[in-house]
Amino acid sequence: MKERVILVALVKNNRERYKKIADLEELKALTETAGGEVIGSFIQVKENPSPRTLLGKGKIKELKEICEKYHIDLLIFDNQLTPSQVRNIEQETNVRTIDRRALILDIFARHAKTTEAMLQVELAQLNYQLTMLTGKGEQLSQLGGGIGTRGPGEKKLEVDKRKIRERIYFLKKSLEKIKKTKELQRSQREHFFKIALAGYTNSGKSTLFKALTKENVYISEELFATLDTNTKAFEIYPNIKVLITDTVGFIKNLPPQLITAFHATLEDIKRSDLIIHLIDATTENVEEKINIVQETLKNLGCDEEKITLVFNKIDLLFEKTQYLRLKRKYPEALFISALKGTNLEKLKNFIRKKMKTFLKRKTLKIKKEKGFILSYIYRNSYVIDFKENENEYWVKILAYPQFIYSLSSQI
Ligand SMILES: Nc1nc2c(ncn2[C@@H]2O[C@H](COP(=O)(O)OP(=O)(O)OP(=O)(O)O)[C@@H](O)[C@H]2O)c(=O)[nH]1
Ligand SMILES: [Mg+2]
């Protein structure tokens, strides 16, 4: 049976309350992705949050009554909670309580499929637990403990912390090993033009990946459907391949533990020659989401010059106004529908333009007795023109410089 959930948020004033509604919509989608059923939401407007329970005393009481009446199993706070706040709220409402960060970690844990993703998620979860335990320790010493509580309590915490640290050490070692294998793969791919798909969760990255590579990947309206990077080649010109990588999506306030743990995965974005920042053009607060992704990319150390904005899902933009507004505000951006295939040719042309300096044009003169090499050339380059006379073939090609270089010793 689905857990029955109430979403809770605290905002400073009425203006923020209005903005919070979109955040709660997102929190609802996250909750549903995690398998919960949202029964309602609860917002308190209060200038100063209570250090004990975030919400004020009266509101907590009100919340407790609602939880009893509607048989609520779980409270999910949009605001970040301290460990002691979690405990106090649980004590006073009798309902299990988590915050947005814990919810996102839970979704990541559900969706991790490959060994690497599972190790990364566990690492993020343990680091998160460690911060929560540290908080609990502080709480205990602040209370002064007392006979029978403080001593053993702290001791148990120390044991827990030590076990967690040991496991973290093990996970980091295992991830190191995977990283080495990945490095090897990367070096083999070094000379290809590399594209990364980045963007807010649910913007359609995997759908675009599938449209370009014809690869069957998992696509879903759930948030964070993709946690594992997936790299595939597709031909941008006949016989000229580029590599494209589908990655994990971003979200507002992504727990920092996840960014750290997924570093190896996100490294693929940084190392790309072109980053396609894909945006769901139909979503609420588009600009805010664009800024969150741009900010995350910047923090990862991505070169801004490499980032291109691409608006997706234009098949759903029935109203022209949103389209025109975005076009005016982001004149350089492209507009596509990954699902319907609209403007994919435009996107490919854009990629071709971007990779101009990565490819070389060359006219090869090949003696007829070396004609056997032609099939090798045809397989690895885009033949623009072909002529022959009695003794020679003239082949005008477009190819990666490395390929042209490899030919020089053979013709
Ligand atoms: N109408 C429409 N729907 C789209 C389009 N592109 C993607 N979708 C839908 O949007 C949802 C999310 O698509 P995904 O490709 O899984 O998105 P993602 O960016 O990979 O999401 P995460 O992996 O969760 O970060 C799915 O239900 C898709 O069918 C589009 O161009 N038009
Ligand atoms: Mg995806």
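Each residue's number is its place along the chain shown, starting with 1.
In case you wondered, yes, glycine gets a Cβ from its N, Cα and C as well.
Pulled from TrEMBL:
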DOMAIN    193-359  domain 'Hflx-type G'
BINDING   199-206, 224-228, 246-249, 312-315, 337-339  GTP binding site
BINDING   Ser206, Thr226  Mg(2+) binding site
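Here the features listed in TrEMBL are placed on the structure.
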residue : record           : DSSP class
Gly199  : GTP binding site : strand
Lys205  : GTP binding site : helix
Ala225  : GTP binding site : coil
Val248  : GTP binding site : coil
Lys313  : GTP binding site : coil
Ser337  : GTP binding site : strand
I'm trying to understand the geometry here, so how far is the Cα atom of Ser206 (Mg(2+) binding site) from the Cα atom of Gly199 (GTP binding site), in Å to the nearest whole number?
11
Candidates near ligand 1 among the binding-site residues Ala225, Asp228, Lys313, judged by a Cβ under 6 angstroms:
Ala225, Lys313
Listed binding-site residues are Gly199, Asn202, Asp228, Val248, Lys313, Ser337; which sit with C-beta under 6 angstroms of ligand 2?
none
Among Asn202, Lys205, Val248, Lys313, Ser337, which are recorded as binding-site residues, the nearest neighbour of Thr226 (Mg(2+) binding site) by Cα:
Val248
To what whole number does the mean pLDDT across the domain 'Hflx-type G' (193-359) round?
93
Other C-beta atoms that fall within 10 angstroms of the C-beta of Ser337 (GTP binding site):
21
Around the Cβ of Val248 (GTP binding site), how many other Cβ atoms lie within 10 Å? Please give the count over every shown protein chain.
24
Return the residues near Gly199 (GTP binding site) by Cβ distance under 8 Å, restricted to its own chain and a separation of at least 6 in sequence.
Lys205, Gly249, Phe250, Ile276, His277, Leu278, Ile279, Val293
